[in-house]
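Per TrEMBL, the features are:
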type	residues	note
DOMAIN	18-458	domain 'Major facilitator superfamily (MFS) profile'
TRANSMEM	21-44	transmembrane segment
TRANSMEM	64-85	transmembrane segment
TRANSMEM	115-138	transmembrane segment
TRANSMEM	150-171	transmembrane segment
TRANSMEM	274-294	transmembrane segment
TRANSMEM	306-328	transmembrane segment
TRANSMEM	335-358	transmembrane segment
TRANSMEM	364-391	transmembrane segment
TRANSMEM	403-420	transmembrane segment
TRANSMEM	432-452	transmembrane segment
């Protein structure tokens, strides 16, 4: 296999790949708005000073509305895994915008809690359906040296979507008008994706070798076949090896064989690693607090406009995402994981201890709490939050990548469901500030695990990474 050092394309290649990923980036803008939607709406409905809002929710209804999105992603991911190989990454990314657009229309006309639940379910289907195609597309379109940076760049799009939604609401203070304006995003995304190229790997899997060759040339800066012949040859050999492996069984057992591959060491080891990564990433990047973020900021007690504070937290998350793009290739994913997870853990422990034991000025206390949380938000967006999704595109062998990407995306959101649904119960059992302390010490345990078990994948080809886990 050719080393990635033999791929010398230049700035036109980088520009071409960035251009190809604009559609995928806008898809992440949509995912960002979907995941912040419940935060904004729950905060708006809890603001009893708004006399024009007739819709109300109990605490139990709020927890279901905030977490149903995560619960319903498995169905979207399951459907995605079944049709991804047939329809391709590009078409699946287009389809994922349909339930997203429907949910925004339903939100605008919602008159009862049941409709709000249905909207959350539709968004969950959309988010779940997008995970597998999006991640696999990034991994197969990008050069090894750019894969981490460009995957991180899409994380900036994610936070930009959340920031856009939160900012529109902070300005209008009308959540229905906010979702009405937000309907433009899935429409724009569909238009851009229609002009995006298919993955060369997927085209090869369909026997469209000439089209795959032309597409790869465009993705590498509109170069001739000779210029990218080494990489294309590696793709052909890689696909042939996987096709021969999958042909060992007859057609009747193909589906069963695909699922049995999950038990093979080169699939099971990265699968276990990534599942544990998502657990600690979700725990220390604010996922449990997400739908209740407005109330969290109010509990801190700082004299700030809560809605604009939510928007500001997303601004610094974007800055963190940009730094990941610039530095992941230089610092590596292992170093960033260990560093950012440690800092987030310390920030959470500090919030817990200050909240319980600080007895001096309440004003200083409130600002210390808010500052620690914002620091953890910035650091998480710089490391543990995007890197898990970058690893998702890299560490699985081609033979099972579609299935494993979809399953891991699903399990990540199932973890998010349990964390958000039962966060109020945890707070009730152990108190608000003790929750931060528990999460912080959990993060330190994660640091120990990743120190011994997380390999460095930066600047490695997909083949080299796959060989590590065998």
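Quick reminder: no glycine exception, Cβ is built from N, Cα and C everywhere.
Sequence-distant contacts of the transmembrane segment (306-328) (same chain, at least 6 residues past either end, Cβ-Cβ under 8 Å): 36, 39-40, 43, 148-150, 152-153, 155-156, 158-160, 162-163, 166-167, 169-170, 173, 293-294, 297-298, 336, 370, 373-374, 377-383, 386-387, 390, 458. Remote same-chain residues near the transmembrane segment (21-44) are listed as 50, 53, 57, 62, 65-66, 69, 90, 93, 96-97, 100, 103, 107, 116, 120, 123, 126-127, 130, 134, 137-138, 141-142, 150, 153-155, 157-166, 169, 173, 175, 178-179, 182, 185-186, 188-189, 192-193, 195-196, 290-295, 306-307, 310, 314 (criterion: CB distance under 8 Å, separation of at least six residues from the stretch ends). The stretch in closest packing with the transmembrane segment (364-391), judged by the count of Cβ pairs under 8 Å and taken from 115-138, 150-171, 335-358, 432-452, is 335-358. Here the transmembrane segment (64-85) sits apart from the transmembrane segment (335-358); fewer than 3 CB pairs are under 8 Å, leaving out pairs fewer than 6 apart in sequence. Residues belonging to the domain 'Major facilitator superfamily (MFS) profile' (18-458) score a mean pLDDT of 85 in the model.
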